[in-house]
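Student: Have a look at this one.
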């Protein structure tokens, strides 16, 4: 298993190298010169040139790339062109918030999807199944920012149960941390829940027709054991694929939800950076996002190995 | 093996009594009867063969007895369904689940797909023991290794922790037998257990089943379409056609003196070593579709002895033609059918 892990980590290195090229190169494609933006509309050509030199923008691209990569590897992602804060610090502040939000959204998604899919698949064709299918269609179709506004209107403004906006770090007040996360997580998790429900329902229906499920029944196992053990372990494989995709999408999708609920996550930092062409921050965020995606893929592969012994290395 | 078990035996030695079993399945055109009034009894230690083509209702009969037909798409009715005196028709789903394993166990046709690919074979044996005998993880593992050893899986302690895909077809079927054997059931229902296997492996599996049955005095229902296998293992045979039993007899009676044209057809279609020159005769036509049963005798469209009386009215009744021999043919008194020796 350890060898598999090591091998799997090693194979991500070329991916990462490629990604650093793309991340670094993408910025070149963005129209506009950051030195011009920083210097302001009234700056002289000399002033702009001075800024370019200070930022190292006048050096060759390869040198700039190498400089950036080696610093990034030592944890130095540069300094924001505007706030003069270290990029690593900004990301370090925002990342835990985003991870908490994405994690909570994933939890919401699973808590809704797994029971719904199981009941739906076992009662296929009944009204429960039809309601669940309709619900998941709605969940996929409804835009998250609209859903977020409706939740705020109902649960905060009308019922007054939950705070409408803001974020409290866990270390400050765990209870407030939870209450502040509920609405954004619900908003963010519902689309994923709908997608997972569909996927899981389909795969459970497929697995229920397998001969080994009949064997499990023929052994006299209770229904809970047949479904919870024999069906679910096999039916979870497509779900894990979907979840792996969702986790990365959750970080991206969080941008809107973070705006609606005023959550200071990576999305907020990203928006600010993009609107000001704050290149080091953009690069840092994309790099972190890619790292998260790579780690998620690694986790998905490990879970595949647990669920399907055939893909395990031996 | 004794070949002289009478059809009607005292209750003390009867393991299973089935009377007037009817199974209906939901099709696009409503409920269709796939098993129609099947009745038989199974003696302790007896091996009863059920033969017939695919779709004749032989597997459905056994799944229904074990309570394994899906509840919403199927309806099962039975006049009597009694296992060692216990009325199975009175049991609900949960109570039937308690019966499966310790009382009735099953072995299926496809050893490749009948084991769960995601769990070790050892766990799949041990979980039966944990479920029904309340054994601990450790105790169930020890018993499962013993069982693997008993069914002839070499190196059982190591094989315990392996997954089904690491086993050959024959070895998987041995694992299925170990699962069935785990709680020493009163009845093992083997649904074409050797059909998917190589001929040499078939013989080994049949020998294993026979040995296990001798050891524990279990009753076995052996479903197959292979008359060679029937001749090898069964004491008594029921022949099913289109959801009904059309003939029932002790093994030798059935082969030497068939009383139903369908059975004669099956015997004629069986390849034989001692009659090399004779061409094989197949039964013309196809069995009727579910929900489209012919009037009169259900076999009449394919039967070479059909007369006008066979083609209308209800299906003929199952008639006693000897102390241990029944047939569902109107013309049996006048026909002399060919058997084998």
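Cβ atoms here come from the backbone N, Cα and C positions, even for glycine.
Annotation source TrEMBL lists transmembrane segment at A:7-30, A:99-122, A:134-162, A:174-194, A:239-261, A:281-307. For A:95-304, the entry in TrEMBL reads domain 'ABC transmembrane type-1'.
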Student: Cβ under 8 Å to the transmembrane segment (A:7-30), counting only same-chain residues 6 or more beyond its ends: which ones?
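Tutor: Apart from its flanks, the transmembrane segment (A:7-30) reaches 61, 64-65, 68-69, 72, 277, 279, 282-283, 286-287, 290-291, 294, 298, 301-302, 313.
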Student: Does the chain bring the transmembrane segment (A:174-194) near the transmembrane segment (A:281-307), so that three or more CB pairs sit under 8 Å (pairs 6 or more apart in sequence)?
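Tutor: With fewer than 3 qualifying Cβ pairs, these stretches do not touch.
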Student: Quick test of the contact rule: Cβ under 8 Å, at least six residues beyond the ends. What residues does that give for the transmembrane segment (A:134-162)?
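Tutor: Result: 116, 179-180, 182-184, 186-188, 190-191, 193-195, 197-198, 253, 256-257, 259-261.
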